[in-house]
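Following: one structure in structure tokens, then a few remarks.
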Amino acid sequence: MSGFYKGVAAEQETLFTTADKKLMRSTKFPASYDTKVDMKKVNIEVLKPWIATRLNELIGFEDEVVINFVYGMLEEAVEASKTSDSQNESTLDPRKVQLNLTGFLESNATAFTEELWSLIISASQNQYGIPEKFILEKKEEISKLKDRTEASKEESKTVTDHSNRRESRRESTYYDSRERNGKRTSRSTLDRKRFHDASDTERNRYGRSPSPHSRFSEKPRGERYDIRSYSRSHKERYEDRYRPTRRRERHYRTRDDEGFDEFGRSRDGRWRESRTSYREKHRYDRDALSSESDSGTQKHD
């Protein structure tokens, strides 16, 4: 029984090859399929990202089986082209690729295979094996990125110039008002001082000999930090804030102060005197009335 079932190799089986030939004869393929391609000149690794993205769009989800199936057909064709002696003979038949993908993609198999084959033809004509479409897309992407970078630089430069102009106007107004009031030196003197301070900073940064006006010069400990080492704009902008203001001295009430009672309540002196005289007057009137009433009662008695 073991020798009853006998089979043949796939190359010797004529059933499927005949069916494929009949299907190829009955199917109408695009004219670009007739172009022969040398697969040794094609960079397959560049095409793989596009193949995966395009198949996901057509299927609607990520199907690794179909993606790896297409990768396998391309890699097999490249290996076959390396052993082939003829450079004009194509080792990858796009018609077979379309028929193999019909079961997965159905009506989208023709569109996908035609796009893939056009990219393969373009890659074979390039010295780096990259399709011309990919090169143009990359150049366009680089150009857009460059435009965005330049736009951001221009925007930042505009903002910086605007802030510098506003700061310059503010300082100019402040300096002019100070000069009119005679509280500071002229702007030319200040600019010269700033120039010397900047020169000292550059010399100290690169390790040159320190300036006599530098904050790191050899001075006593109490005089080591020169006033010009601090930010002059910050100092001049906020120097008026710490000036003593002309305030009226606050008076704290005590019991010994005149015009306040023992509870700290203040009363006007005139009001107090008038109030006192009023009370004294009425007290005298009350005493007189009481004395008259007492005398009347005595007379009546």
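Using N, Cα and C of the backbone, Cβ positions are placed for all residues, glycine too.
Because the structure is a prediction, the values reported are computed rather than measured.
Residues annotated as compositional bias 'Basic and acidic residues' in Swiss-Prot: 145-182, 189-205, 215-229, 254-289. Taken from Swiss-Prot, the feature compositional bias 'Basic residues' covers 244-253. Residues annotated as compositional bias 'Polar residues' in Swiss-Prot: 290-301. Annotated domain 'PWI' per Swiss-Prot: 26-137, in sequence order. Under the heading phosphoserine, Swiss-Prot lists Ser86, Ser199, Ser291. Per Swiss-Prot, the feature region 'Disordered' maps to 145-301.
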Composition by DSSP (helix, strand, coil) of residues within the domain 'PWI' (26-137): 81 helix, 0 strand, 31 coil
Per-residue pLDDT averaged over the domain 'PWI' (26-137), given as an integer: 87
